[in-house]
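Going by TrEMBL, these are the annotated features:
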| type | residues | note |
| --- | --- | --- |
| SIGNAL | 1-27 | signal peptide |
| BINDING | N94, R95, H193, T194, Y195, D259 | beta-D-galactose binding site |
| ACT_SITE | H193 | active site, proton donor |
| ACT_SITE | E324 | active site, proton acceptor |
Amino acid sequence: MATKAVSLVHLLAGLALLLAAIDLVSAARKDVGIYVLRRGDFTLQFTNYGASMLSAVLPDKHGNLADVVLGFETLDGYTNDTTYFGALVGRVANRIGKAQFILNGVLYKLSANDGNNTLHGGTRGFGDVVWDVESYNTESHVTFTYRSFDGEEGFPGDLAISVTYLLIGKNKLGVDMEAKPLNKPTPVNLALHTYWNLRGHDSGDVLSHKIQLFASKITPVDSQLIPTGEIRDIRGTSYDFLQPRSIGSRIHRVPGGYDINYVLDETRRTHLKRVAVLHDGVSGRKMQLWSNQPGIQFYTSNMLNNTEGKGGFVYKKHGGVCLETQGFPDSVNHPNFPSQIVNPGQTYKHVMLFRFTA
């Protein structure tokens, strides 16, 4: 009986690998396309490769149009991307320490793609797969879906994911992410990894942009950018953006630049919290962001290093800013952080609302 049991285990493991291989081949055969949303002089482009945002074109205070999203000239650039330009990252965005966690007494070992840690879902996260296009109307929305299999990058259970990019009113973009575990509890933390430069993607750094973050605390990290578990008040420090100030005003005091999770302050809103306001004084463009998530990763593109982007423009350090609403990093290993575990029968929901003015 023991021999038969071992053989069955080996057989099931072999079937799992075969199914994973079939999934990879199937994904490779899917068509990758570009999907345009347009309303007036507000135009956005997305691709089902990584459910990624490719561009956002909008007017400045003089009516001049510019693309305010960093990215690559061709789709081929995204397939070899290490910057996560515009990607929808998961199954768990941000970092998981030591590439492992325990859930219901079971140790899950993940793909380590950031030293000894897991970053943005692993070696082949959601930003590296081809999504299906469920629904598309250039005047209103595009919906991408993906089915993540049990054991993908080490995560437990099958997971059905969807993201809808939706035009709302004038110069507003809604992002609606959902995920449903189909057979096992699993951590879920999706994030949109867009790099913004409101003066234009090819205008240089964002250090003169003013930002306001509605958060008075952060989750401090160690030398590998893994949270220590502490939640720290940052009022009066170099991390304090409760009042609008330029990104570059204190960045020299922060080794390497900003790359930290802010704990959003609670508000009286029942659904969405006010998260951030980003403003470029030269173009007059302003971006306001709301979300239902507890945290936001404020990242000043510290790792950009002469990356060739659209039109041959070379992106350098601090060439864009990421505002990634999210659950707290490494929550699976910190019981005091808001849980990211979603059970079968439950639905993970993540909403973002952007409003652009000039």
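Keep in mind that glycine also has a Cβ here, set from the backbone N, Cα and C atoms.
Automatic, uncurated: that is what TrEMBL annotation is.
Features recorded in TrEMBL, as mapped to the structure shown.
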{"residue": "N94", "record": "beta-D-galactose binding site", "contacts (Cβ under 8 Å, 6+ apart)": "L119, H120, N189, A191, N261, Q297, E324, Q326, P329, D330"}
{"residue": "R95", "record": "beta-D-galactose binding site", "contacts (Cβ under 8 Å, 6+ apart)": "D114, N117, T118, L119, Q224, L225, I226, P329, D330"}
{"residue": "H193", "record": "beta-D-galactose binding site", "contacts (Cβ under 8 Å, 6+ apart)": "Y84, F85, G86, A87, L88, V89, A93, H120, G127, C322, E324"}
{"residue": "T194", "record": "beta-D-galactose binding site", "contacts (Cβ under 8 Å, 6+ apart)": "M53, V69, F85, G86, C322, L323"}
{"residue": "Y195", "record": "beta-D-galactose binding site", "contacts (Cβ under 8 Å, 6+ apart)": "V69, L70, G71, T83, F85, G86, S301, G319, G320, V321, C322"}
{"residue": "D259", "record": "beta-D-galactose binding site", "contacts (Cβ under 8 Å, 6+ apart)": "L225, Q297, F298, Y299, T300, N302"}
Inset, instruction - Measure the Cβ-based neighbour count of E324 (active site, proton acceptor), defined as the other Cβ atoms within 10 Å of its Cβ. - result: 23
Legend entry - Distance in Å spanning the most remote Cα pair of N94, R95, H193, T194, Y195, D259, given for beta-D-galactose: 18
